[in-house]
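Can you read through this structure? Questions will come right after.
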Amino acid sequence: MDTKKEIKNNNFICQIINKDLNENKNLSFYTRFPPEPNGYLHIGHAKSICLNFELASLYKGRCNLRFDDTNPLKENIKYIKSIKHDINWLGYKWHGNVRYASEYFLKLYQYAQELIKKGLAYVDHLTKEQIREYRGTLNTPGKNSPYRNRTIQENIELFEKMKKGDFSEGEACLRAKINMSSSSIIMRDPVLYRIIFIKHHQTQNKWCIYPMYDFAHCLSDSIEGITHSLCTLEFQDNKFLYNWILKNTSVKHYPKQYEFSRLNLEFSILSKRKIKILIDKNIIEGWDDPRIPTLSALRRKGYTPSSIKNFCQKIGVTKQNNLIEFSMLEHCIRKELNQTAIRTMAILDPIKIFLYNLDSNYKEEFIVPNHPNNPEMGTHKIIFTNTIYIDRSDFKEKYDKKYKRLKLGEKIRLRYSYIIHAEKIEKDEYGNISNIICYCDLNTLGRKPKDNKNPAVIHWISEKNTLSAEFKLYDQLFNIKNPEQQENFLLYINSKSLIKKFGFIEKKIGEEIQKKISNNNIEIFFQFERIGYFCIDFIDSKKNQLVFNRTVGLRDTWDSKKIKTKNITNN
């Protein structure tokens, strides 16, 4: 089967591209990813990144990275650096140099002058509030500004005064002269330029007038020779203005805009404004808090580039907005880590076991696999002594027939080791179990017990093979599926979205991590047996205190039968 041919035939965007390329044999596919440098990328941006760069690869075309930096009030160099890092982390390389809309400010200014000279733009002195009031509603037409019918010469002179800084912020703006009764509100004389007196991160203090996004975006696409301008559905109405500007300026190239559905993820918020509220209220730690779906947060949580790209492939590209199951995202990373993560044992909530029939100097070594199905991943050594730790949840004092782990008077097998029998417990002054006294059957290594009944298996670590560690158990930040739709989304915060545990990992494994702790670009993943998949948190870890973030649990709750595996360019 020709996979590329199948991909090209199954996606509405690919069908459009195929048609365009077939009708114009000299056409080369050229697209772009155009973020505004006013925040950090999230999983929704990843869908757009994957789509644009994968299509460029599929059609042997090009994909630019262009920062639409037309609002210096909200932009920052740190966002530019972060966005570039995230794209590279996902494994993509843009064509040529990084581009900025600000590189085209002079050309955009000249296009604005063109519109004025054609009688299609005018300088307005209405305030922002008045412009909103004059615009009308979906049910009522707008009304003309009293400044709408100025002469062309007057508008040329006023626009030049705007450029020179003769007006204060909000005192004047340039508006397109289209139709204040248009059924599309965006076509009711939209603002094209506004005055902002602030230093720009690229052009410094050269300009004090800045083009609006809608004006700069389509013209930047044209200047760069973009053939297919792909954006999400919220820009569908903007297409009218996109095409109007191109039609009424002397551009030599006409890109085409196409829309696809944005990515909406269960139990998540993608809005920058709302995430900032969560940060300001100390509900989350920052933009890389593993409970939110920014790319930096997902990376810190242990998600890999390939798992995110696989997720984007599975959800595909359609024109229908829907809410994507979070369990599908978890499925993608779990499937990968099941193949690649080193197996080791960790105790998150330790309780001590004393094996009374073993001497204090008793020591035995076991060689265990780093992965049960991949011998090439090697092995590591664990030691067995008369004092070990198990997880508190693996012991029950009172008899419970349904409980299959260690119980008083019952037996259990230790992973890779012997069967032990719980005979007595010791408690501290608060009534908590501090020690379990057990008998170790040394005849059961790799063998069944005398009664021929194999008990359940639990994990453990020898007291002499421990290194203390902190474990962060992350869960959904919200307890409803679609918090974005709630007016007061803060009412639905999951109070148990982060639980911290303090326990132990295998000493040798921990010491190897400590050697690498200064290099926070190294990604190390583990399956803590019977617990879940974890990664080292290089931000919070110190040499004397390792911190692990739970990436995902062991149990897969996503029903893969609900959706066929789809390439990023599939429906």
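Quick reminder: no glycine exception, Cβ is built from N, Cα and C everywhere.
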Can you dig out which of the ranges 114-118, 254-258, 269-273, 509-513 Swiss-Prot describes as motif ''KMSKS' region'?
269-273
Cβ under 8 Å, sequence separation of at least 6 from the ends of the motif ''HIGH' region' (35-45): give me the contacting residues as numbers and ranges.
67-71, 74-77, 79-80, 82-83, 86-87, 201, 213, 232, 262-265, 268, 270, 272, 287, 292-296, 298, 308, 311, 329
Would you mind giving the whole-number mean pLDDT across the motif ''HIGH' region' (35-45)?
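Result for the motif ''HIGH' region' (35-45): average pLDDT 97.
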Expressed to the nearest Å, what is the distance separating HIS45 (ATP binding site) and ASP68 (L-glutamine binding site) at their Cα atoms?
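If we compare the Cα positions of HIS45 (ATP binding site) and ASP68 (L-glutamine binding site), the gap is 14 Å.
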Here's one to test understanding: among the binding-site residues ASN38, ILE43, LYS47, THR232, SER271, whose C-alpha is closest in space to the C-alpha of TYR213 (L-glutamine binding site)?
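Going through ASN38, ILE43, LYS47, THR232, SER271 one by one, the Cα closest to that of TYR213 (L-glutamine binding site) is ASN38.
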Using all protein chains shown, find which of the binding-site residues HIS45, LYS47 scores highest when you count other CB atoms within 10 A of its CB.
LYS47
Give the distance between the Cα atoms of SER271 (ATP binding site) and ASP68 (L-glutamine binding site), rounded to the nearest whole Å.
18
Could you give the number of helix, strand and coil residues in the motif ''KMSKS' region' (269-273) as assigned by DSSP?
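Its residues fall into 2 helix, 0 strand, 3 coil.
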Return only the integer: C-alpha distance in Å from ASP68 (L-glutamine binding site) to GLU36 (ATP binding site).
5
